[in-house]
Amino acid sequence: MSSILPFTPPIVKRLLGWKKGEQNGQEEKWCEKAVKSLVKKLKKTGQLDELEKAITTQNINTKCITIPRSLDGRLQVSHRKGLPHVIYCRLWRWPDLHSHHELRAMEMCEYAFNMKKDEVCVNPYHYQRVETPVLPPVLVPRHTEIPAEFPPLDDYSHSIPENTNFPAGIEPQSNYIPETPPPGYLSEDGETSDHQMNPSMDAGSPNLSPNPMSPAHNNLDLQPVTYCEPAFWCSISYYELNQRVGETFHASQPSMTVDGFTDPSNSERFCLGLLSNVNRNAAVELTRRHIGRGVRLYYIGGEVFAECLSDSAIFVQSPNCNQRYGWHPATVCKIPPGCNLKIFNNQEFAALLAQSVNQGFEAVYQLTRMCTIRMSFVKGWGAEYRRQTVTSTPCWIELHLNGPLQWLDKVLTQMGSPSIRCSSVS
């Protein structure tokens, strides 16, 4: 705490003494400014004692500690902006917090961020981390009729997909409304985040509830097949037109970006700017210049989100997302700059898998396609665009979701699949 200046008020020093994690000099100074900013606001409203009580007792039964909501919902400290509840939860509880997606308000919080009131609660003990739900094992009967070979997957890559815009046209198949920020909310680095007018389908919806085993299966030997979280939650391949470029990126971090810059890639960034291609044409070159900050991918609580950080839209083809909204499986959704879309949900997939087991080997194998997500930068494809297939777009990526794919492999093996490996490339 050596960086604290001599005139730092005692209350600020005490509150900083409770912060979590180790920070470097610059970060420590920023934390001090964030606490000073909050102390100044709370002095005016007489809530300072309640803040100190909440931080020192770590008690969820303390009162809401509120500050006025700004127009865009963010709080500026020095030259950085962020959502206030995320800033103070990170400072006093979870230094590894990446995003507001990872937080859920406690029931007794009257001014929770998602309530969209004029005041927002920043009591760190009025929020909890979103936990990844435990997926129930799939009960799999061993079939006696084994297919001689894998059935052909429904392949939409060469068909002309329908198009939809985000958030227009997003009508869920149930009345479940998730806790999401209102339109216009911005993420911490200055991009509009989670305009999610895309309520996800309730896991209890009739369309997604796992069916009980049919009577024909009652006397069969049922084996539970469990979901295991892999070390790398997804693998990302980059393409220019129909040619794959560079090595596959394996994502291990819950939040990572794919961008157009030339920095060396690391566990949290896949930088496309450094990748070379002798066959690259002028259209691809031009598109690459507009990728910019690209897309941020989150894997939190068993859900995958894509947030467009670029100044140009991204275009996403996610069969899981399309099923949620009742669209054709090949529909391509345009995500404008700053918007955020849930592109995969493990619980929905688990329910579909449990249903498909009752329908036989082929129905389960068809779910392989659902574990692949395609995403193009700047230029879209589909019926409303000049480019009608993803391989006609200058720059695009393909995500393989490793956890669901490996789960499918295990289920198919238990069902008595052929000895060859079933995967997204089988």
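Cβ atoms are placed via backbone N, Cα and C, with glycine included.
Listed in Swiss-Prot for this protein:
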type     : residues                      : note
DOMAIN   : 10-136                        : domain 'MH1'
BINDING  : Cys64, Cys109, Cys121, His126 : Zn(2+) binding site
COMPBIAS : 167-177                       : compositional bias 'Polar residues'
REGION   : 167-207                       : region 'Disordered'
MOD_RES  : Ser424                        : phosphoserine
MOD_RES  : Ser426                        : phosphoserine
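When secondary structure is read from DSSP and collapsed to three states, Cys109 (Zn(2+) binding site) falls in the coil class.
Using a 10 Å radius centred on the Cβ of Cys64 (Zn(2+) binding site) and all shown protein chains, the other Cβ atoms total 18. Annotation for Cys121 (Zn(2+) binding site): same-chain Cβ neighbours under 8 Å, separated by at least 6 residues, are Cys64, Ile65, Thr66, His85, Ala105, Cys109, Glu110, Tyr111, Ala112, Phe113. Taking the centroid of the Cβ atoms of Cys64, Cys109, Cys121, His126 as the Zn(2+) site, the other same-chain residues with Cβ within 8 Å of it are Lys63, Ile65, Thr66, Ala105, Met106, Met108, Glu110, Tyr111, Ala112, Val122, Asn123, Tyr127. Counting residue by residue with DSSP, the domain 'MH1' (10-136) contains 56 helix, 18 strand, 53 coil. Note on the binding-site residues Cys109, His126: the fewest other CB atoms within 10 A surround the CB of Cys109.
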